[in-house]
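Copied from Swiss-Prot, the annotated features are:
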ACT_SITE  Asp178  active site, proton acceptor
COMPBIAS  7-16  compositional bias 'Polar residues'
DOMAIN    56-322  domain 'Protein kinase'
LIPID     Gly2  N-myristoyl glycine
REGION    1-30  region 'Disordered'
Amino acid sequence: MGCLHSKTANLPSSDDPSAPNKPESVNGDQVDQEIQNFKEFELNELRKATNGFSPSCIVSEGGEKAPNVVYRGKLEGNHLVAIKRFSRQSWPDAQQFVVEATGVGKLRNKRIVSLIGCCAEGDERLLVAEYMPNDTLSKHLFHWEKQPLPWDMRVRIADYIAEALDYCNIENRKIYHDLNAYRILFDEEGDPRLSTFGLMKNSRDGKSYSTNLAYTPPEFLRTGRVIPESVIFSYGTILLDLLSGKHIPPSHALDIIRGKNALLLMDSSLEGQYANDDATKLVDLASKCLQSEAKDRPDTKFLLSAVAPLQKQEEVASHVLMGLPKNTVILPTMLSPLGKACAKMDLATFHDILLKTGYRDEEGAENELSFQEWTQQVQEMLNTKKFGDIAFRDKDFKNSIEYYSKLVGMMPVPSATVFARRAFSYLMTDQQELALRDAMQAQVCIPEWPTAFYLQALALSKLGMETDAQDMLNDGAAYDAKRQNSWRC
């Protein structure tokens, strides 16, 4: 078959100074290469970017039923963006919407997500912001999969969001609507940033808080109005989230604090990661922020002075603290179904997709007619392939290996699909080295075939080579994106 080559052989070491420190793309699409100047977009441009505002592009909570929906979009030049689509009645005055958006769009700071455009065409009111590829604080704090957020990262989040609020305060943007864990996003380096969408309030519906009323500032419940001190109260609820790792109503938290049981608030997964004195200081700050009287709450400068000294590992990058890969970050939401199955090590789903795909990925390749020729000329070859496919379908991987191995020796032209199926069969029988070899052979047959890279990622992960596995996953995702004639959300 000739010399086998896998990109794992040329992977840079994590200690290699030549290895890139800053991710530059997600699935081959550009993320945050340069912050664009604020502009007014054409509706058709944003419709195209979201595949016609396809439901599959929605990344916000609540899906289509939410009053304001956020989509993932891709502009010309493969720049990923987040597009917020307001309900038709939210901003009846188009000029007011554009003026407000333009004002917010002037804000530029490393602690906030930049608003780069808007659209007010017909009944549509849309905002366009930088795309943050590493999900929300809510996801990392309440719905984590691999590891809970460590203490040092939680302190950093508290510090960076305090910086963001202080910057907005300096720029006379003192009102932030519905500050919660969904409004804190993570960029390509894993740094937390404050969404600028919260700086724009729906002008008609007056709803500044969409979360449970138990978490809203007391003055909002009394008057329906938001004041600068309301933002400090909401920051206090963020501190509670970070301390406890769960949603705790402020009134309940204050009862615990007044009872001198502050450490009972702490997330049990953080045990041994913090000094009690540091935790007590954060709890005390949360208590100050959650005072029922707005005048008793601290300002943003006080937040900074209280939180900044608690950072102990400022020299450690956020992606390291969070356990994110150092190289290109690939989000599950940006992967194809096969890529998602690979990322989750979901072998059952991976098997199902291989079955459904069949041999279609070899169409157009040099060997596309090989099976057709075999079925016409060699009945034994046809039967061997048939029995191998049946065994693979029935998850009889021992026999699928036997039949596919026999078929490999009979094929006049190598088949990437046969190697892929045998590779998966080897994986399912704990023969990872053989699985990796076959996945590499599949790559030789079709050099830019995502399936071959995903199989290598699975095998490398099983072998404990996580860095190399992540690299293969990234490559597979990039080739997945490249293979699309038009972007699918």
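Note that Cβ sites are derived from N, Cα and C of the backbone, with glycine treated the same way.
Note on the residue listed as 'active site, proton acceptor': other Cβ atoms within 10 Å of its Cβ, all shown chains, come to 19. Mean pLDDT for the domain 'Protein kinase' (56-322) in this predicted model: 89. In this structure, Asp178 (active site, proton acceptor) belongs to neither helix nor strand by DSSP; it is coil.
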